[in-house]
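**Q** Under the heading region 'Disordered', TrEMBL lists 1-72. The feature compositional bias 'Low complexity' is assigned by TrEMBL to 13-23. Residues or ranges marked as transmembrane segment in TrEMBL: 144-163, 187-206, 218-240, 246-264, 333-351, 381-405, 452-472, 478-497, 509-529.
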Amino acid sequence: MAISDSPETVGITGTSTSPLTDSDLTHTLRRRPGAATTVPRDVADSGSKTDEDDSTLNDLVRDSGSEDSVTAKICEPGDNVRIGGSEASMDSVNAVQDNKGLGENDRGGDRSAVKFAYRPSVPAHRRVKESPLSSDAIFRQSHAGLFNLCIVVLVAVNSRLIIENLMKYGWLIKTGFWFSSRSLRDWPLLMCCLTLPIFPLAAFVVEKLALQKSISEPAVVSLHMIITTTSILYPVLVILRCDSAVLSGVTLMLFACIVWLKLVSYVHTNYDMRALGKSTEKGDAVPSSSNTDIPQNISLKSLAYFMVAPTLCYQTSYPRTACVRKGWVFRQLVKLIIFTGLMGFIVEQYINPIVKNSQHPLKGNLLYAIERVLKLSVPNLYVWLCMFYCFFHLWLNILAELLCFGDREFYKDWWNAKTVEEYWRMWNMPVHKWMVRHIYFPCLRHGVPKGVAIVIAFLVSAVFHELCIAVPCHMFKLWAFIGIMLQVPLVLITNYLQDKFRNSMVGNMIFWFIFCILGQPMCLLLYYHDLMNRKGKAE
């Protein structure tokens with residue numbers, strides 16, 4: 001006899017393999033004094049015990065549709081009982097008994113009848129079952145409790161490490177971490193950032209002239225190439241001519257790259273709308289629903305909204321929300337401040353001491369370099385996760401809420417990526433959509449093979465990664481460029497391993513090891529030591 005998987009239901013079933021037959025069990029139950037079975041009024045007619053009551057008892061004893069064949073449970077008030085395929089509350093059964101004049105002794109007889117059904121001769125094992133943690137059943141189980149345990153252990157271990165670090169090294173965060181007198185020397189970068197809106201205005205003027213057909217299409221393309229190229233070279237020259245802080249230079253380069261990507265999308269989208277309009281007029285193209293709902297007009301308001309919206313893909317209208325949730329925005333801002341402070345704490349208290357006490361990973365002892373990389377991997381991973389949460393979740397959602405921007409799919413579940421290719425498709429959706437819309441599919445439409453189009457997309461990404469890191473550091477070692485281009489063979493390798501093992505866990509573990517445990521700490525050490533060597537030579 002087995003205990004039922006669902007504690008709410010009561011049923012006693014038997015099969016032909018049982019030494020005790022159904023008729024014998026039913027007969028035995030009937031011979032017990034006070035073993036009468038009562039049911040609710042909606043299941044059986046009121047009155048004294050009849051043949052229908054006997055059949056109901058027989059249904060209670062035998063349920064041939066059960067998977068476990070034999071299941072039983074002693075009912076208590078508040079439980080549900082299953083009688084002849086109908087489910088009723090045990091309290092309602094008791095109420096019916098009271099209406100019929102049946103007291104506690106009679107109900108006790110019912111319980112004893114069910115209790116008597118636990119016979120030693122009834123088999124307890126009826127079918128093949130896997131253990132919950134076996135390889136075939138592990139993914140069919142809920143692991144919420146284990147996840148909670150991991151969270152508790154993670155918080156406890158890291159709290160101990162923080163306390164131990166503070167007791168051993170003290171408070172390492174300097175007073176000038178957030179702001180210092182040197183920050184005042186970065187005013188040229190601030191002025192450069194404030195003048196970046198000039199380039200979208202110039203692109204708007206060109207598009208207006210193109211819409212009025214005041215200039216030819218080749219002239220439009222040439223002017224846009226000049227505007228977009230200047231928008232990225234101008235900040236680069238300002239950073240290289242000023243001895244600015246690395247953080248200030250990275251911030252300016254990020255703004256400049258965003259402006260460049262938005263300008264390319266703005267220009268490319270308007271060019272495509274003009275081309276579709278000309279094809280429609282000639283009858284060469286049939287306008288689809290996705291094309292006809294886009295008005296071919298140039299609006300400064302739509303451009304201004306696009307330049308501040310959390311997207312890199314231009315369109316004249318976007319999905320909008322109804323209102324701004326001020327309380328929600330305030331809570332997200334509080335989270336943003338907390339997690340930004342946590343990032344600063346980890347960088348100053350953990351990463352900086354580890355990097356300063358390390359050697360160049362390509363010039364020192366190999367085992368020592370491996371030890372430094374592994375020691376740096378955990379705090380670096382924490383900072384990277386905090387950065388992702390602060391920017392892609394908190395900041396972009398705050399911006400979207402303030403602008404009533406509806407499409408807030410800024411990332412997907414990249415943490416479940418089984419290959420490197422899946423990671424790059426899911427972790428940064430604004431850039432991914434831009435790449436697909438303005439690089440990948442245009443290449444395919446011009447006859448470029450799929451593999452070459454992927455390489456071109458990674459090449460564009462590698463160039464901008466190198467600009468955002470090398471320019472603020474005032475050195476071009478191409479570590480970021482090489483790191484991004486190495487993603488192409490990693491895509492092939494992880495795809496092969498995924499096809500070979502056919503296991504999502506293997507691919508996901510390989511992704512986490514390559515990307516976060518090995519790749520990022522190595523790049524950090526390489527850039528830090530090259531930067532220190534450059535400063536040492538300059539002094």
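Placement of Cβ uses the backbone N, Cα and C atoms for every residue, glycine included.
Caution: TrEMBL annotation is automatic and unverified by curators.
A quick note: this is a predicted structure, and the numbers were derived from the prediction, not measured.
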**Q** Based on Cβ pairs under 8 Å, which of the stretches 187-206, 218-240, 246-264, 381-405, 452-472 lies most in contact with the transmembrane segment (478-497)?
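**A** Of the candidates 187-206, 218-240, 246-264, 381-405, 452-472, 452-472 scores highest.
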**Q** Given the cut-off of 8 Å on Cβ pairs that are 6 or more apart in sequence, determine whether the transmembrane segment (246-264) and the transmembrane segment (452-472) share at least 3 such pairs.
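**A** Since 3 or more Cβ pairs under 8 Å link them, the transmembrane segment (246-264) and the transmembrane segment (452-472) do come into contact.
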**Q** Looking at the transmembrane segment (218-240) and the transmembrane segment (187-206), are there 3+ C-beta pairs under 8 A, with each pair at least 6 apart in sequence?
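**A** Contact between the transmembrane segment (218-240) and the transmembrane segment (187-206): present.
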